[in-house]
Each structure stands twice: as C-alpha cells, then as structure tokens.
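What follows is a set of notes on a single structure, which appears directly below.
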Amino acid sequence: MAFPRPKPTTMETLAMERANPSFNVRKMSVAMHGSERALILKEKFMAEIARHPAFKLSDIHDLSKDELRERTMEKFASMVYFVTNESIETFQLRMQLIGIADPSFWTRFGVAYGLFLGALRSGATPNQLSYWIDKGVLGLNGVIGCFAMTELAHGSNVAGLETTATFDRGSDEFIIHTPHLGATKWWIGGAASTATHAAVFAQMIIDGKKHGVKTFVTQLRDTKTFTLMPGVNIGDIGKKMGRDGIDNGYIQFTYVRVPRAHMLMKHTQVSRDGVVTDPPLAQLAYGALLGGRTSMVTDSSNSAKKALTVAVRYAAVRRQFASGKNQLETQILDYPIHQRRLMPLVAQAIAIGFTGLRLTAMYEDMTQTLDAMEPSDPNLNDILDKLKETHATSAGLKAFSTWACLDTIDKCRQSCGGHGYSAYSNFPLMYADFAVQCTWEGDNTILSLQAGRSLVGAWGGAVKGKKLAPGVAYLNDSSLISAKSDSSLSLADIQRAWNCVAYNVIKKAAEEYVALLKSGKSKDEAMETCSQSRFIAAKIHTTGYIFRLFKEAVEEMQDNEESKTLRMIAKLYGLWQIEEQQGYFLKYGYYNAQQMDKVQASVDALCAEARAVAIPLIDSFALSDHIINSPLGRWDGSVYESYFAQVQAANPLPKEHPYFTRLIKPLLERTNEDMEDPGTAMGLEDELREIAEERKGE
C-alpha cells in the first residue's frame, strides 16, 4: 500500500531551494555590493543595529505618530558618535543600510547631515563652514539643523520661492520675511519639534532689486530653553502617508533679522556695502544636486530588494493547488505566471543596483574634478558638458528608479495574496514610506522633462557634429535611425535595440521642438508643447542607460558562474523592458512582429532560468531578518510560525472588552417596540368602506 508523501515544512522547502546553487552566493553578494569591504561593513552594521534598543522594528506597525517621533530621536545619539568617528565613505554605507531598515530616521538624520550640513558644505566659504562646525553642527551639540526650501505654494520651482531676504545696509543684516501664506515654508523635516536652525532659501533683495534665491542660516529656537526666536512661527503639518517618525513642520518668518555673515557666500558674495558678486561658473550649482539623486537610485534598488526578499522567499514556501499526479500542492514560485510576476522585478532591482554603484563612482569622480577646477582650466567646456549630461541623466534615473521601486513593492504585496495586506508583512509600511521618493527632491514627471530637455539639446549638438558626452554618445551614430535586429537577442543586439529606439524618440522630440519654434512659439512654449515626446525620450533613454551600465558592469567581471548568472539577469532585464515598451521597437522597425514573439518566448525562458536560482540570488542581497522585518520573508522559512507569533504578541486580548458595555450590550439587549399602524389607529379602512357604501346608495 502506497502512503502519500509527507508534505515538507516551509523550512525544509527553503533549505531545498538553497541546496547546490549554481554559483557561489558569497561571491555573488560581493559583486552586488561593489566590494567585499562594503559587504563586511553592511553585515557589521546589521549586527549592531539588531541589538540596539532604539532600532527595535518588530513593534513599529503598532506605534503612534508621537511614539515613532520619540523613537526617531532616540537613535540620534548613537549615530552622532559614528558621524564624528567614521570616514565619510563608511558612514555613507552605514546610512545606506539605515535607509532600508528605518526610512523615517534615515530621512530625519539626513535632513540634519545630508541637507543642512550639505547646504553648508556646498554653499559656505571655508571660514563660514569652520564657524558652523565650531558651533556644533557635526555633533549636534549646539546646532540641530533643518532644510527650509519648499513652500506651501512652491516645490519644484525653486527659482520661484517667495520668502524674502532683504538687505538692511544700516545694520549689516538680512531681514527674512514670509510675505503671504503661500510663502510659508512647508514640509520642513525637523522643524515641528527638533531643529534649532534652518538653512532658509529666500529671494535676496538689495535696494529693491531681486538677485535670485540664496541660502541663509536662520536660528529658529533658543538652544537653552527651546522657545521660538522672536518673529519665528512654527507648527506641525500633521500625519502623512508614511515616514511618521519625521516631525515635518511649517515655518513663517515675520521680519526676522540675521547677520549678513549668515548668508552662505561660497558662490555669490555680498559686501558690507551691499555689492553683489555672482559666481563665474553658475553651472557648478548642478553638482550639489547629484549626490542626493545618486543616493536615491541606490535606495531604490535596496528598497526593491527588501520587498523582493520577502515576496520571493514567500513564493518559494507557499503551496497552492496540486497539479497533475503530484500529490503535493505546488510552490507558487513554480507557476510560470508567478515567475513572470517576480523574476523581471528581481532583474530590474539588480540592474538598478549596479547602475547605482557606477553612478556613485561617477559622482565621486565628478566631485573631485569640480573641487579642483579653476575657471582657466583648458578642459573647462568638456567638464561642464559632462556635468550637464550627468545632471540630466541623474534626473531621469532618480525618476524612473523610484517609480520602478514603488511599483515593485506593490507588485510584491499583491503576489503574497491576502497575507501581503497585513501590516506585519511590512509591505504597507514599505509602500507608504517609499512613495514620497517619487515627489520629493523633484517631482518625477518634472525631472523626466528636465532629462528630456537635455536630450533635445544633445540632439541639436549631434546634428551640428559635436562630439557628445559618453551617456548620449550614441546620438553621434546616424546609422541607428534605421538599424535592424540580427535576431540573436544577444546582449549586444539588445544594447543596439535600445540605442536605436532612444535615437529615434529623441529625434522625434527634437524635430517637434524645432518645428514649433519655426511656427512662431518661444523656446519655453515649444518645450512645453512637446512635453509628452520629451517624457518618452527620457523614459527610453533612461531604461537603455540602466541596461548599458549593468551590461558594462557584468562584462567587466571575471568569467565565472557568478558573471554567467548576471549576464542571464541582464538579458532578462533588457528583453523584459523591450517587451514592456514593444510599441516603440515595432514602430521604429528594430524588431518585426515575429522577432517580438521571440522576445516574449525568451523572457518566458529566462524567467524559468532565474527561478531555478531565485533563493540563492535573493540571499545574495544580504538582508537580515531584522532589516526586512517581515515574517513572510524569514531566512529560515518559518513563515507561519513567525507570523502567528508576531500577530499574537502585538495584539493581546484585553481582560475587559473596551466598548462592550457602552456600545455592544445596548445593541444586543434593545427591545423591538411595536410600531402602531396609523391606518388602524385612525379606523381608516372602516371609514373608507362607509364612504363607498354611501356612494352606492346615491
């Protein structure tokens, strides 16, 4: 007599998934992190915060807004030690991990160090920077900063900010003022409860003339009593969609005076007599934006990997429906449609991760070049062209990477079925916390259009025979206009496909722009009218750029099982995105209908190939159980046991029902009163019969 096979436990299932991987997981993880040092540091950081009481995450779903803010502040003291004792590179890696574990704290701490201190580093003269460091900016012992840029009526349009800074020559002071409600500083992280000073962005006015938006360090609170300074009005903007650990507030200034020396004067200087000296290279202001955008590309990859770690592990242990003669229910990761749901997203997260690594290296190189550059540098124009191109590319990468990550988090949630809707899956918090990335540091659509504007400009340069910067150099290749696939679907063929279609969509946007100019529209009107074509150009160019950087990274690797797997992943990413945007590839004739069918079949096959190594691949993301904070993605596969234990611990039944006596008991014990029928009470039916009989007798 044959007995049915015992069903393996979820833990046994995950152990089987890890048996005999085709590549070395450790080596793969080193490749994804850029170096063994970076991986070792990440593991060290994960161990440290797992034992730190302030970084407890298991109860985070049940804390109130005020409790979250207090816990955010608890973390500050420990991080201050590291920021003052670690190298910038090491501390940036630490904060990269913190950003995945606790986005609220990452943002609040980043406001103080990344934005406020960043504003000082990029905008202050050396003596000004030394002054503020002596005041306690680094150790938060004297100054806790915030970044007062956005206003109630202005966000992306920084040049249109309406807070004013009017120079008073008599007192050698600037008067910071909020002229109307729309100029109220809004969304200012740290303003509501914790900041003592702000880097205030305001229109500088001297002798009635506006000189553009400059930055002024303005004290908000007395550092001893924490009372508001005269003329400063601050409030809390309340509960948000996510990141409730950040005390976002509003600030209004009523004729607040600050010394002229509190204006950051690295680029623009104002003398005691009110004489303004503008920078010789205004384009250098671009450089300050690149760091934030670069970190957001990396964060998009890391946050997507966090969501995918949960979804893929859950898909490997969750069984639903037996198929054919199989006595066991099928792992949902074995269903082709589920592979289609998750494997391309894994490829995308890895592709963006490698892009982030290379973008970071480019940013560091660019920063060093800019710091050393003089106006007389013979390579000045080439450097500025590269800066503009990197600035535009980073805008597109920020937009499309953050959109991709937000989409990934929600698709991962849906792929986990009903359990994904539970707060304890961590998907709801992940989504709510990440959603803001699509609108802050520049709304994604606006940034996409900025990237599209730059591409139109690059096309104009290519037409004139100008040699373009590396990121857009393919626009110098006119043969791309009618390129055709060789049907190999190789990495080289995929790269040429993206170059061809990007060339054509940029050409279309540029020609639309030129035609609009010829029709009599101004440059700004023409740019706005061709917005959709600019957006498409940015989207195609950026996706192709991500593919190219990923392809270059894996092709530079030593030929081994890890690089072989990553080549497969690169191919999956490139072809899946071609399938997603297939209309453009058919429109411009790079692929015909039959070849596009081959693309679909290849994506199917690559998803199955990726599924075979899915768990080892996910393991190489190197995210601890503490960091992912989801029982559905437990490393050991104890999904249901962990889920049940967390729900039970977080939701104990009260000894006495909180509202039985007041609400439920009266409902259960109510009596149904007999409702009197008005017709019966009136004797109406008898009366009507009498009336009818009287009519018969008439």
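Numbering starts at 1 and runs along the chain as displayed.
Note that Cβ sites are derived from N, Cα and C of the backbone, with glycine treated the same way.
According to TrEMBL, the protein has these features:
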type     : residues       : note
ACT_SITE : Glu441         : active site, proton acceptor
BINDING  : Thr150, Gly189 : FAD binding site
DOMAIN   : 24-134         : domain 'Acyl-coenzyme A oxidase N-terminal'
DOMAIN   : 146-254        : domain 'Acyl-CoA oxidase/dehydrogenase middle'
DOMAIN   : 286-456        : domain 'Acyl-CoA oxidase C-alpha1'
DOMAIN   : 491-668        : domain 'Acyl-CoA oxidase C-terminal'
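Within 10 Å of the C-beta of Thr150 (FAD binding site) we count 17 further C-beta atoms, all protein chains included. Around the Cβ of Gly189 (FAD binding site), the same chain contributes Thr107, Arg108, Val111, Cys146, Phe147, Ile246, Asp247, Asn248, each under 8 angstroms and 6 or more positions distant in sequence. The residue listed as 'active site, proton acceptor' is 10 Å away from Thr150 (FAD binding site) when you measure Cα to Cα. Per-residue pLDDT, averaged over the domain 'Acyl-CoA oxidase/dehydrogenase middle' (146-254), rounds to 92. Cβ-based neighbour count (10 Å, all protein chains) for Glu441 (active site, proton acceptor) stands at 19.
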